[in-house]
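Asks: According to Swiss-Prot, the protein has these features:
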| type | residues | note |
| --- | --- | --- |
| MOD_RES | Ser1 | N-acetylserine |
| DOMAIN | 4-129 | domain 'Galectin' |
| BINDING | Trp69, Gly70, Thr71, Glu72, Gln73, Arg74, Glu75 | beta-D-galactoside binding site |
Amino acid sequence: SMNGVVDERMSFKAGQNLTVKGVPSIDSTNFAINVGNSAEDLALHINPRFDAHGDQQAVVVNSFQGGNWGTEQREGGFPFKQGEDFKIQITFNSEEFRIILPDGSEIHFPNNRYMHFEGEARIYSIEIK
């Protein structure tokens with residue numbers, strides 16, 4: 001079960017491919033995958049929203065640092081279903097994160113925090129709400 005907060009604390013290096021698998025609950029409103037050093041320092045926040053924060057079936061990507069969210073990036077398409085398995089792949093370099101969604105579509109998001117990783121990113125938490 002992936003209800004609540006799952007703190008994976010896994011690290012991965014530039015060029016490595018990280019695969020995240022999960023199942024949103026049947027009544028899930030949204031879930032998030034956070035890559036960063038802590039809850040206050042997230043280089044990558046992937047937030048698929050079934051029905052949350054005024055969005056329906058939207059994938060929102062952002063970063064969070066110094067108590068502030070960055071600029072939200074929204075992507076078309078929503079290849080997630082409540083109660084169904086998903087797989088997301090994440091890889092990064094000094095320039096950007098590349099996120100491959102379950103349907104094979106890609107999101108590119110700038111890696112603004114590369115120096116703080118010293119070449120290594122960390123899955124801070126996976127939350128399903």
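Glycine residues also receive a Cβ, built from the backbone N, Cα and C atoms like all the rest.
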Asks: What counts of helix, strand and coil residues does DSSP assign across the domain 'Galectin' (4-129)?
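Replies: Split by secondary structure, the domain 'Galectin' (4-129) comes out as 4 helix, 75 strand, 47 coil.
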Asks: For the binding-site residues Thr71, Gln73, which one has the sparsest Cβ surroundings, going by other Cβ atoms within 10 Å?
Replies: Thr71
Asks: If you skip the near sequence neighbours and keep only those at least six away, which residues in the chain come within under 8 angstroms of Gly70 (beta-D-galactoside binding site), Cβ to Cβ?
Replies: Asn62, Ser63, Phe64, Asn112
Asks: Here are some binding-site residues: Glu72, Glu75. Which one has the most Cβ atoms within 10 Å of its Cβ?
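Replies: When each Cβ's neighbours within 10 Å are tallied, Glu75 leads.
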Asks: Which residues, sitting 6 or more apart from Trp69 (beta-D-galactoside binding site) on the same chain, put a CB under 8 Å from its CB?
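Replies: Sequence-distant Cβ neighbours: Asn62, Ser63.
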